[in-house]
Each structure stands twice: as C-alpha cells, then as structure tokens.
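Annotated features in TrEMBL:
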type: ACT_SITE; residues: CYS570; note: active site, nucleophile
type: BINDING; residues: GLN436, GLU486, ASP542; note: S-adenosyl-L-methionine binding site
type: COMPBIAS; residues: 16-27; note: compositional bias 'Polar residues'
type: DOMAIN; residues: 77-152; note: domain 'RRM'
type: REGION; residues: 11-46; note: region 'Disordered'
type: REGION; residues: 147-168; note: region 'Disordered'
Amino acid sequence: MENDCCERPIVEHTEIATSDANETSVKQENDEDAVGDEANESETTVNQTAVRIENDNSSENDVYSYLKRDENTCEKFKVEISNLPKYVCYADLKKLLQNKFHLKTQKIKLIGKGAKFAFVAFKSESDREIAIEKCNGFSFKGSQLKAKKANPAPDPLVKKRKMHESSEKGMKKQITSEEFVNYIENIDDRLNDQVAPLWKLSYEQQLETKQQNYKDFLLELYKEIGKIDKSFDKNFPLLFKWWKTAKYVYGSCCRLEPIKASPVIVGYRNKCEFNIGNDKTVGFRLGLYKDGNVTVVSPPKNCPLLSEKMYEVATQLENFLKHISSLSAFNNETHEGHWRQLTVRTTKDDCMIIVAVHPQNKSEMELHEEVKKLKEFLDSHCSNKITSCYLHCFAKRETVTPNQSQIQLVDGESHIRESMKNATLHFSISPFAFFQTNTAAAEVCYNTIADLARLSQNTILLDICCGTGTIGLYLASQVKHVIGIELNEDAIKDCLRNAELNGIKNVDYICGKAEAVIGLAINKAERLLDNSQTIEFVCIIDPPRAGLNNPIVKILRATSAINRLVYVSCEPRIAKRNLIDLCRPPSKQYKEAPFVPVKAVPIDMFPHTRHCELLILYERLSEDLISSMNAIKHENDAENN
C-alpha cells in the first residue's frame, strides 16, 4: 500500500489487515472495519505501568536499529518532494512518478490536508537518485517541484522506551497503587471508547448524531459544488439554476431522508481481525506507534460490536497460545516470532478462522500441524464448532492485499454460508471475499437502493465495483438483467459461484477496469433486448472507501444511456471528489449533461461507531428535474399552510 506511511518507520505497520487504499475496485473489508478504523482515529495511549507495552523485551536502544535489522524498510531510501500544486492527490502523484517517470516506488505519502509536500520511498539508492534527478525542477500542473533526500525517522517505540527508562524511578513515585487499580479497572471503557466511540450514547442519540453529521456534509457538498467555476451563473446557467433551486428547496444539495436504523444493535459484526501481542494477548491494539505506546488488550466482555461467538473464539485462542503452543508471538519491532493475527468470520451456522503466522524457520507442514492442533482445541472448548480453518503464512513486512493463493485450508469447509431475504438467497463466502459486516443492516441498505433507483422489469442494472456480487444478486429478481463489473478475478469467481448457488440466470459479469469495459457492458445489455422494449440503464456504484478512479467518473458522465445512478459510500468526505466531479459542467473531459444529487439516505450499518453508509441518488440534470424540485417545494409549503 503505497500511501500508508513514509515519514515514520515502517516497523509500525506489521499487521495483515487489507489495504483501504487499494487501487483495485474490490471493496476490501476494512472499508467498513469500524473496529480497526475507530482505534486508529483516537490519540489515546496507554501508560506502561498499567498495561504491558509491546516490544518491551528488546534490549536495543538505538532508535535507528531497524534500518540495519530490516533491509526492506521504506525509511532507507526516501525522497521529499515539495512545492506540490494545489489540490494534488495521491493518484496524481502516483501517475506522475510511475507512468511518466517510470519510477519503482515503494511508498507514497502526502503530508497533511491540502498537501504541499510528500515523502516517497524507493527500494535502492540508485532508484532514489534517479527520482531526485527527474523530479527536481519538473513543472507539474504549474508548480516547479523540488526534490531532495529525506532522513529516516527514528523508531518512536524505541525512542519512547528510552525516555521511560531514564525517568523510571520518577514515574514509580508519581503513580499510586490506587491510581494504578483505577486505571486497570477503566481499561475496558478506554478500549470501547476507541473501537466504539458512541457506545455510551443511547441508540436514539447515536442516530441523531449521525443524522446531523450527514446534514452538515450535504451542506458542505453544496458549497463545494458552488466553487466549480468562478462565473458559475454566466457559463453554466442550467447548473447554476439547479444549484440555487436546491438551496431554496432543501437547504443544501439534495433532500436528506431520516436515517435508517440497524435491525441488530449489539454483536452485529460478522467479521473481526484480532491482533496478537508479544505476551500472546489476543485482542485490539490500544495506542499509536508514533506515540511510542502500543499494546494489545483483550476485547472487553461488553464490547458492543462483538458477538458471543466471536468473543469466545478470541478468548480460547489466547488460552491456546499462552498454555499450549510453544511458538512465540510475532514481535513488531524485532520481526521475530510466529503468531501474528486472527481473523474470525461468522454466520448463523458457520465460523471461519484465518490464522496468520510468520513462518520464520518452520516448515509449512509444522505450521499446518500447529494450526490444526489449534482448531481441535477450539472445537473442544468453544460452544460452536469451527467449520472452516485456514493458515496464512505471511512473512512480508508490508501490509498487503491477500488473495486465495496465499492461504491453505487446514480443516473444514472452504467457504462459509450466509442467507438473506428470509433464507431464500444464499451466499458462499470465501476467506477474503467482501461481505457487509452487518448482515441485517445490509438488507435494509439493499432494499433502500432498490427504492432509490426505482427498479423495474425494464431496468438493466450496471453494478460497478460489484465485488462478490451481493448487491446485484440481491436485486436481480427486480430487474431485467444485471451486469457486474469488477477488476478482481477472485471476486468474479465468487459472483459466479453465488449466482449458480441461487439459480440466478439474469446476471453477467465482466472482469476488467470499469472505465475500459463500461462500453462493453452497455453493448452486451443492448444485445439482450428486442426492438419493442423500452429499457433504462441504472448504475449502482459501491466503491472502496477512497472512491472511484477519476477515469471511471468521466466515462460514466460520457455514457448517455445512463441517466440515474446510486452512489454508496461509508466515507463520503473521503469520496467527495467523486461526488463533485459527477456534477461538473460539460467539457472536453466531462462530456454530456452532469449528474446532480437528488436524494440521500443514511443507513446505520455500524452502530456505536461514527460510521454510516450514505446512499446518494444522482440524476442527469434537466429542466424537468428542476421543475419537479420546485413542485416539491410548493407541495411542502401548501402542507405547512
């Protein structure tokens, strides 16, 4: 993942979680992984006297020792690029470095909001020298770039440990036994505050908070759309007319419907990733590496995100590691040890575990036997059987997007099964397949998409970034045909498997970049029709957290057959560029009439967290659309009078 971290040592990132900035259109699970995401948002750290700090077993006090220990760290060959143009984004810089300059980058990190400089890491000194030569003085979007060598960052964990060692006696004097006990007693609350920051609010208060958040966001979006052109009113009168009418009718860019609640509020997550600490504690990370405080804490019994089944598996794994296994936990600082991470996926009847280990000097057979022993232990100590057990041998330092070829089935079934629509629709879920983490709320979401899109038997549904096909398969009975577009081949295999499992015939899938194959999808759909049929194309877009690549937005704008689309986002502020670009006036880059937001509906997919799924209906701009908006205003005024 190139945009993850370059200004600090890469030793902070040795987790196996999938990348949330993945360039593929597969929607990775941490896209909605509130557990990991909320923890990262918090700056809360844990005092070493209260909880064991990871990596305290190391005797090294050199804050740069990781450079000698880890030959592949991205801190060795860094370049600082400054004087970046305004509004430059990660994709722009990556395109310049990799496509134009043909540089082999290891990491790319833009610093701060409205970044004016970035850190870029390379794998060798020669690559770094070439990068400096090509970047320094290059005119990029009107700005002359400056490039120079960047120094490696000190390891914050070692730095913090040294500080604590030098003041250890003073710390002991400052902390009373009563304070220590109080801290330990409150650790569960501290962890819940990180992974579920709204957990202390009533559910009604949570919904009110999220509703207000999206009301504020739509007003922000309205203002951003108004900045598209300085002479908005003169150059694009129809778009300006819509913009003024929207504020008059809605008070922002579109109508905001009341938030829809999750049918399940406690224990709703069907997937969770647990870290394994140096002392073999299985749970969540508390604190931030950059602050020098990182620890793994067992999940609280009252954590509102976890089901009893998931909590039990994590607890029994910890018992196995501490009392039976002779293998040590993986150390993020020294890169020694084996046990790294546990992923648990659950459904009503099934439970899958994926155990990530660093092989070190162990053979695959030895690790296979160890994980099989773990599975047998869990089966005998958990109230629910483990129906699927995988071993993930993971030796690399970087975070990666795992795939099916990297894991091996140790015992049980290769997939777990989930049901929707009153058990009439079934899904076979592979280890790394994306599936919404809240199954009950996902049904609310998919039904709302159908209502927004006004689906009918005359609809051809284009499912962009379809992932494993859940939305299209769920809605297939309501439309004439579904065509899913997805870049990842493993995801396409899941789509086909689930279509066959349910006997759904009116679906097709195309593997490739959306911008390259949308035209093919339209042609494919038109061949399905006869001349007597009046068909409308509706597009569903459910992209990764960061949104669509800009070329996809441009091709959607240029595809005149598409007049209505529903954009699904769990982080609309991050995907804001997409939401604005859909509205841009016609130009050489953005052809045909713009799409404009008409209605937005928040779906609470993630109770107790700040996250929510926002559905936004977009329609092509026309005089008729503006007239219908005014009619709504007149009706509302008449009702109020």
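Every residue, even glycine, has its Cβ placed from backbone N, Cα and C.
In TrEMBL, annotation is done automatically, which means it is predicted and not curated.
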What is the separation, in Å, between the Cα atoms of CYS570 (active site, nucleophile) and GLU486 (S-adenosyl-L-methionine binding site)?
19
Across the domain 'RRM' (77-152), what are the DSSP residue counts per state (helix, strand, coil)?
22 helix, 26 strand, 28 coil
Looking only at GLN436, GLU486, ASP542, the residues listed as binding S-adenosyl-L-methionine, what is the longest Cα to Cα distance in Å?
17
Let me check the 10 A CB neighbour count of GLU486 (S-adenosyl-L-methionine binding site). How many other CB atoms are there?
28
On average, what pLDDT score does this prediction assign to the domain 'RRM' (77-152)?
88
Select the most exposed residue of GLN436, ASP542, CYS570, where exposure means the fewest other Cβ atoms within 10 Å, treating these as the recorded positions.
CYS570
Could you tell me which three-state DSSP class GLU486 (S-adenosyl-L-methionine binding site) falls into?
strand
